[in-house]
Amino acid sequence: MSVETRPSADQSPTGPERPGTRTGGRPAPGQRPGRSRRTAAGWIGGAVVAALAVIAVNSASQALGQFHWWAGFVLVPGALIAATGGPLVVRGGNRAFAGYVIACVGGLVFAVGALLMFGVMSRGWPLMVVLPCLAVAGTYGWQLEHPLARGLHRVVAMLASTGAAVGITLQLIVLDWVELTGVHWWGGFMMLAAVIVFVNALELVRHRMQYRLQAIALLVGPAVVTFLLGLRFLRDW
């Protein structure tokens, strides 16, 4: 007398199923087939961009006779760090911001390596002011839900743009493209930063939220003081 056995509910006639798949290898309902492809494309694209960037810097430095081989120990790790952030940005979601931070850190390290490779750190150091400020300003696209947090983040991002403008001005001065001797030019940027903070503080007025008046006061007070100090420096009073 033979007993017929049937596969149980957790068994498949074709063998054990892989996690995240249905019988026959089809994706599970909660799995997105395109996400793994985007992640793989991000890794490949990041690696290709990193390799091309390293090759370009090395080739250009050799062509100019400014090749410093030891700078490669800074250049290559920076390119690899930046490349690891690319897939997270491409994937999106909650990890995109972490990927952006990693990519920016790697980009800064790569920039230091490039300056060392060309031997122009003494004339290119203002870029170490410009690039971090641009990295912070680039977070402007991430909008927070709470209006107070969103307003403060907007202030920080716009102030970072002002910092990048300060770095660009320093670079022009170092390269002798602009002559500002005897001019207290930084006072103008202090006034610009104060205006940015003041305008964003006024923008918070239209939101009905807790601690609105306290937040506005904490922004307006330093903004007024900074504006007056910038005016004093600029006019040399």
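Placement of Cβ uses the backbone N, Cα and C atoms for every residue, glycine included.
What TrEMBL annotates here:
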- 24-33: compositional bias 'Low complexity' (COMPBIAS)
- 1-38: region 'Disordered' (REGION)
- 40-61: transmembrane segment (TRANSMEM)
- 67-90: transmembrane segment (TRANSMEM)
- 97-118: transmembrane segment (TRANSMEM)
- 124-143: transmembrane segment (TRANSMEM)
- 155-177: transmembrane segment (TRANSMEM)
- 183-203: transmembrane segment (TRANSMEM)
- 215-234: transmembrane segment (TRANSMEM)
The answer for the transmembrane segment (97-118), taking Cβ pairs under 8 Å and residues 6+ beyond its ends, is 53, 57-58, 60-61, 64, 66-68, 70-91, 124-125, 127-128, 131-132, 135, 138-139, 142
Under 8 Å Cβ-Cβ from the transmembrane segment (215-234), and at least six residues away from its ends along the same chain, one finds 148, 151-152, 155, 184-195, 197-198, 200-202, 204-205
Residues outside the transmembrane segment (183-203) whose C-beta sits under 8 Å from one of its C-beta atoms, at least 6 past its ends, are 151, 154-155, 158-159, 162, 165-166, 169, 215-216, 219-220, 222-224, 226-227, 229-236
Comparing 67-90, 124-143, 155-177 for Cβ pairs under 8 Å with the transmembrane segment (40-61), the winner is 67-90
